[in-house]
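> The structure is given below, and queries will be raised subsequently.
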Amino acid sequence: METVTMSTPDIAEVDQFRCRVDEIFQKIDKLEKKVNEVEQFYLNANKKKKSSSKGNSIREEQDKGRHVPSIKKQQQDASQRESTAAKRMQELMRQFGTILRQISQHKWAWPFMQPVDVKGLGLHDYYKVIEKPMDLGTIKNQMEAKDGTGYKNVRAICADVRLVFDNAMKYNEEGSDVHLMAKTLLEKFEEKWQLLLPKVTEEEKRREEEEAEAQLNIQLVREASHAKRVQAISNELYEVDTHLEQLRETVVQKCSTCNYLGCMC
């Protein structure tokens with residue numbers, strides 16, 4: 001049997017063919033990773049939509065044709081939103097400060113203006129009964145703190161004011177002067193708090209809606225970004241398909257030439 005030897009140009013052509021095949025396989029590996037990433041993104045997105053299905057149909061209608069803000073625009077909006085919300089919260093705290101001042105000026109408020117003098121009064125079991133001591137003076141100082149350690153919202157202040165009087169009623173027996181004073185001041189505080197509460201609730205609802213809007217915008221930006229990736233992957237797949245078709249034609253052509261010359265392909 002006659003041995004078919006390959007010339008140097010033939011060897012070079014085979015090497016070139018092998019390189020093209022290797023390049024295509026590398027592209028396919030990269031594309032597979034990209035497809036997996038995009039697929040995982042949409043799987044997670046679908047899970048989130050299912051977990052918050054309430055009102056989804058309405059939101060989907062609202063999202064149709066919705067303008068997707070850029071990341072820079074979102075950052076600017078977030079900064080503006082936080083600044084505006086901080087001003088609104090400062091106003092609520094100012095109004096709460098008025099309530100605290102009125103309670104503090106009551107004739108029975110003096111026992112609650114400073115921390116309890118545990119040692120001076122010989123209250124050896126005080127810290128066994130009271131887990132978190134609190135007083136109106138400490139609350140006032142924390143409201144006025146400028147180092148970032150102060151209260152972040154009005155409900156936190158409200159909780160501490162209640163704690164002042166709850167502690168006093170818990171430690172002092174019912175019928176005692178301090179218990180009666182604490183109970184009276186707590187009732188007066190609750191009356192005033194109920195007048196401010198609708199504004200606090202409205203602000204909390206507004207912040208929740210703004211946060212939901214911000215999260216929706218972030219999701220839309222991510223979806224737009226992945227949509228671009230999907231388009232890019234589609235283009236790359238078309239390119240790989242084109243290269244494979246070219247290689248197929250090359251192989252067919254070489255085999256046809258080989259058969260014509262009487263050699264085996």
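For all residues, glycine too, the Cβ spot is worked out from N, Cα and C.
According to TrEMBL, the protein has these features:
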REGION    46-85  region 'Disordered'
COMPBIAS  57-66  compositional bias 'Basic and acidic residues'
COMPBIAS  72-83  compositional bias 'Polar residues'
DOMAIN    104-179  domain 'Bromo'
> For the domain 'Bromo' (104-179), DSSP counts of helix, strand and coil?
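The composition, in the requested order, is 41 helix, 0 strand, 35 coil.
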> Given the model, what does the mean pLDDT over the domain 'Bromo' (104-179) come out as?
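Taking every residue in the domain 'Bromo' (104-179) and averaging pLDDT yields 95.
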